[in-house]
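Engineer: According to TrEMBL, the protein has these features:
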TRANSMEM  12-29  transmembrane segment
TRANSMEM  44-64  transmembrane segment
TRANSMEM  70-87  transmembrane segment
TRANSMEM  94-116  transmembrane segment
TRANSMEM  131-152  transmembrane segment
DOMAIN    171-327  domain 'O-antigen ligase-related'
TRANSMEM  182-197  transmembrane segment
TRANSMEM  209-227  transmembrane segment
TRANSMEM  316-336  transmembrane segment
TRANSMEM  348-366  transmembrane segment
TRANSMEM  372-393  transmembrane segment
Amino acid sequence: MLTALPLVVPGGYWAGLVCLAAGGLLGLGRRRCHLARLTMPDRLLAAALLLLGLAQLISCLIAPQGTRGLPLVLAAWLAVPALLQLRSFPPSPAWWWGGMASGGLLTGASALWQALVQGRVRPDGVGLDPILYGNLSLLTGLLCLAGLSWALHRHDGRWFWLLVLGALGGLVASGFAGARGGWLALPLVAWVFLRGWRQGQGHLLRPWVRKLLLVLLLTLPLALYLVPETRVKVRFDEAVAELQAYVAHPETPSSVSTRIALWQGAWQLIPESPVLGHGEAGFHEGMARLVARPDSPFGSHLLGFWHPHQELLDAWVRRGFLGLCALLALYLLPWWHFRGGRREDPSGNAALALAGVLVPVAYLGFGLTYGFFAYPAGVLMFLGWVMVPWVLVDAPWRRPAAFPGNASGL
């Protein structure tokens, strides 16, 4: 549920974490789960989750925006018993990678249906917006690519090609959604892959398979760019035109100029309340004050935004220094725990270390131009996709998982 359903089922991003949290709480009551099982890294992660929930709760109390911010508190705090459940009863890596591949296939099929059958200009999944949907689909595809070394370690061709198809599905969905900000994360992601792939048994690939993968990785983005139905070329050309227009006429409203103005506004608001922040609705109210000034450089079109479209600025301006510290901890703790994606693992789970560090690195890139932690889907999928590899990378496993029948080498 954490991997296969979030992007294609209404509220699917809640299902996995809620079930895990319920199991953890019931396990505590029935003494099947014990806090002593949590390792020191687990406790640090739990502390970061509690801090994030506390900062978000304070934000809701300072400047409430109806009930908008409360699901984020619930998500952060439910993740703690969910972590306990995972540590007490870790799932098989096969379930994790199989679910991720299924998620990639489902989100790719959903994007094709919405774009080609329903005629949507930018597919947005179910209950999401195109930016969230496109970037999370991209991350799904990247995680499937990280899992290839897990399949290679088992010399099981069917797992390998299932993950390849899942990766293609996620990348196709990202292309159709046209979420340009996610493309900014690709250099960071490529760096992580280069660091971690050698530890992930990439050398086990046969030469013809390596060449085929290289061809796929090079031709798929080009195909997405050239096929008119994906509108990737249109979105790319729009970004270039908007950037050129901003250089020539910074005051003209566009996606680029609007984001830069939102960032400037956030920087002006942060010193007013650097510790506690301005609250859930405080950024919008603060921008309204800035726009209303007689000598204001900000246009009234900025009043249509309630967060500054930049993750770190959003955490600081709305949740204060506590929120910023919690976010930085959630970015940095996985990097430390997974050894930057280069963790040694003789059991073949080096792919899990690579996946675990890919999530915060990708979110860091996504967050350059959007606020993923402003939405329940962004928080829940980050936590779920970090916590499972977090636990599994330390879990001893009895035997490799394979499809029925003889394994096929690559």
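A Cβ is built for glycine as well, from the same backbone N, Cα and C atoms used for every other residue.
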Engineer: I need to check the long-range neighbours of the transmembrane segment (348-366): which residues 6 or more away from its ends have a CB within less than 8 Å of a CB in the stretch?
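Structural biologist: Answer is 93, 96-97, 135, 138-139, 142-143, 146-150, 153-154, 181-182, 184-189, 192-193, 196-197, 199-201, 311, 330-332, 334-335, 337-342, 372, 378, 382, 385-386, 389-390, 392-393, 397, 400.
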Engineer: Does the chain bring the transmembrane segment (44-64) near the transmembrane segment (131-152), so that three or more CB pairs sit under 8 Å (pairs 6 or more apart in sequence)?
Structural biologist: no
Engineer: With pairs closer than 6 in sequence left out, are the transmembrane segment (12-29) and the transmembrane segment (131-152) joined by 3 or more CB pairs under 8 Å?
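Structural biologist: Contact between the transmembrane segment (12-29) and the transmembrane segment (131-152): absent, because fewer than 3 Cβ pairs are under 8 Å.
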Engineer: Same chain, outside the transmembrane segment (182-197) by at least 6, Cβ under 8 Å from its Cβ: which residues?
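Structural biologist: Same-chain contacts beyond the ends: 131, 134-135, 138, 142, 145-146, 149, 174, 340-342, 350, 353-354, 357-358, 361-362, 364-366, 368-369.
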Engineer: Same-chain Cβ contacts of the transmembrane segment (70-87) under 8 Å, 6 or more residues past its ends?
Structural biologist: 17-18, 20-25, 27-28, 33, 35, 37-39, 42, 45-46, 49-50, 52-53, 56-57, 60, 373-374, 376, 379-380, 383-384, 387-388, 390-391
Engineer: Which sequence positions outside the transmembrane segment (372-393), separated from its termini by at least 6 residues, show Cβ-Cβ distances below 8 Å to it?
Structural biologist: 2-3, 6, 13-14, 16-17, 41-42, 45, 49, 71-72, 75-76, 79, 82-83, 86-87, 90-91, 93, 96, 127-128, 132, 135-136, 139, 143, 307, 311, 314-315, 327, 330, 334, 337-338, 343, 345, 349, 352-353, 355-356, 359-360, 363, 366
Engineer: When the pLDDT values for the domain 'O-antigen ligase-related' (171-327) are averaged, what is the result?
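Structural biologist: Average per-residue pLDDT within the domain 'O-antigen ligase-related' (171-327): 82.
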